[in-house]
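Worksheet: the structure to be examined is printed underneath.
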């Protein structure tokens, strides 16, 4: 800006609203990507939540005095890396993800529920999609950058119009010029490139941008020839440069800010030329005016933030409060709130100021993909921002047509119209969210309000509630794993393992499966691994539990291939399987080996049948029917006599395969049709189903195996996420581990055959999303360290063992309450011929007690509360108003250390005649985490 022309924005001031105007009660997440993590249209705001693959959606403006409610949209099976609203359709959202796909979503209008699936799907790409942006003039054209590739898509045909020439390294930023004719990119190879995608795929111009290869971004100004880039110089100082594409060998001007590891997010308003620079993780916003004519980047103002910035976005100019001289509005995404920061130019009169608000681009596109690709450069008609002349026509894109107007059902109180779930749906309750009518209390305590309050205070808790999950030392990891296949069905574990090996599908053509030796951890070679060549894409795979060298692989060609892995491991590529099972007519979905009989395998397929195979003769022996839609999952009962399936038609079925091809029982399954899994629990008396409800919330349903028709005995709502929860059940402890592909959290619950059915335990959280999570055989656990479960966690490039342990003080004793005799799962109880002939078997049991360890239950002697003596139990008795006594009685379980127990009960009477009780227990030197029980408190029935 020269001294002869004074900027009209020189007095611009940022205004932060009061906390009441913040959009609170959110939990934001920041994916390691090049995106801004938040975007806004004239109607909605979308942002990354703390759940991978899930976006938060909230209205831009509040409706009256009602508080804005955040809803959650499960978009992808992995992190959402970038997102963008259509410049023409406020309710059309595009999302990009680390799962290598791009999806377009039609967000709801008033009175509609959130979509259960995308309107369009683009991809998958060869790498995670980093950048996504709609075309500024043509509806249906958008660009994506994944790895070194940049594509321009015709979304109406779901095909790329062109793929630009490969960049030298990872593409960090890409953006359209304001007229939509040119496209600029920044790359990790430090080059700034300009493309004319309709002329040729090669770069029209290229120049060194910033001397450091760290995060580089770019934005175009309102004039086609000029753009702004941000990055780092050789001294790791953050810098901003203004470029003229006609003189591209050097920047017109540059600006050095400071030394900081935080990358800059450039937000530029093309109409005003105001540039806001936001540093992720910082507490300050810089505002500059980009004036290409001078040329200059002139400082305007700075704004100190109350909380660290996780992402930032500009509100479209058509949504600004122009009568208040609001020239810019920045949405700051923090950990727990979205803060709108308004930039105002102070003026004396309350009127529309033409100099501050020139006409801006309207919401009606100038062309379609075909016309634009044919060479049309027609521009979007500009509209006035004057409130009296703001008769802006609305536009609805044909990319994802709106659904028929059907009112959203069962909306919670306080939920704004057009949204179908509340923020509370992201909590993880430890009690069932809804219970069937058959549930009754079995605790022996009455049902008065005060007694229910005390029951919730002193109710049952799991001895595994303090379980600790931890990743084992890096020496036990398998690293440098490349080219994982992430396209297996969501209900498939994605990989499988036994005590010797792990089989992992690869993305390479030909349905390749890598077989890795668990006894040989370390870094895999950079060269190609020897694999099993299946010839078609793999849908599921499973190791034979009784033959650790045999692997069954299901393919999209409706065939099952049986592979024999050499005892010393896979040394070369195998192309010929040991046997091929044919019979299904559609793609196979799931494989499950029989738990007791050798050579018996069950498979489900898109042909709506379940087939049971005799592998010894390589033939189909039984076929189960009765399904009316896709079979999501199947599971054998522990005794191998029954088989359960869960289906997309919303039904749960139990079969006796040797008795009839039709289901023995049938009952209602999960309401949602996005996916489900089933597993037998509680010694085969119950079925646990993981699925979705009608609002896409993930939930667990527990059914009695003898009464499916009556519906679930208990339902537990967990969270909102796009991936199906994959359950791994340990019958020895009654624990189920649940997680989904792309999740970072593993839920642990102890399952009971009576109320409250679910006992929540400590969950395991990983720093990055996993691609799969499976339970290893019990014999892999380190019993001496009270390790009750060992799992394998599949990451993008490695395999990590995860140990779940119970903290105990006296580890020198064998914790027999944690380690009952376990099933010898690697020995068959009967042959396939015998089982098919009607015989049943009983598995052999094995003690897990290591040699030389004494069971804790055999440690006797001493008085109650003394070392080696029995632990006391307490009986609360009323001694008078507000006073309660603790009577200790001997228990059969010995204590391992002295006990000083203090019980203090405080009572507050709340009319009419109800009590609120709070109980505080303090123990000194009490071995809470030993195998010995902690003091048990029971309430006298006459207490209240």
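Placement of Cβ uses the backbone N, Cα and C atoms for every residue, glycine included.
Just so it is clear, the model here is predicted, and its values are computed rather than measured.
According to TrEMBL, the domain 'DUF1899' annotation covers 3-64 (among others). Taken together, the residues of the domain 'DUF1899' (3-64) have an average pLDDT of 84.
What TrEMBL lists as repeat 'WD' is 73-107 (among others). Listed by sequence, the residues of this chain that lie at least six past the ends of the repeat 'WD' (73-107) yet keep a Cβ under 8 A from its Cβ atoms are 31-36, 39-44, 46, 48, 52-57, 114-115, 118-134, 136, 139, 142, 144, 146, 153, 155, 316, 361, 363-365, 380, 395-397, 399-403, 486, 490, 696, 720-723, 740-742, 769.
The feature region 'Disordered' is assigned by TrEMBL to 396-456 (among others).
Residues or ranges marked as compositional bias 'Low complexity' by TrEMBL: 399-413 (among others).
The compositional bias 'Low complexity' annotation in TrEMBL covers 420-450 (among others).
Sequence annotations record features per position, and here TrEMBL assigns domain 'DUF1899' to 457-522 (among others).
Counting only same-chain residues 6+ beyond the ends of the repeat 'WD' (581-623), those with a CB under 8 A from a CB of the stretch are 489, 491-492, 539-547, 552, 554-562, 629-636, 638-640, 643, 645, 655, 657-658, 661, 825, 828-836, 840-841, 843. Residues annotated as repeat 'WD' in TrEMBL: 581-623 (among others).
Outside the repeat 'WD' (624-656), and at least 6 residues removed from its termini, the chain residues within Cβ reach (under 8 Å) are 491, 589-590, 592, 594-597, 602, 604-606, 608-612, 662-671, 673, 675-680, 683-684, 687, 689, 691, 703, 705, 708, 724, 731, 835, 840-841. Marked as repeat 'WD' by TrEMBL: 624-656 (among others).
The region 'Disordered' annotation in TrEMBL covers 853-876 (among others).
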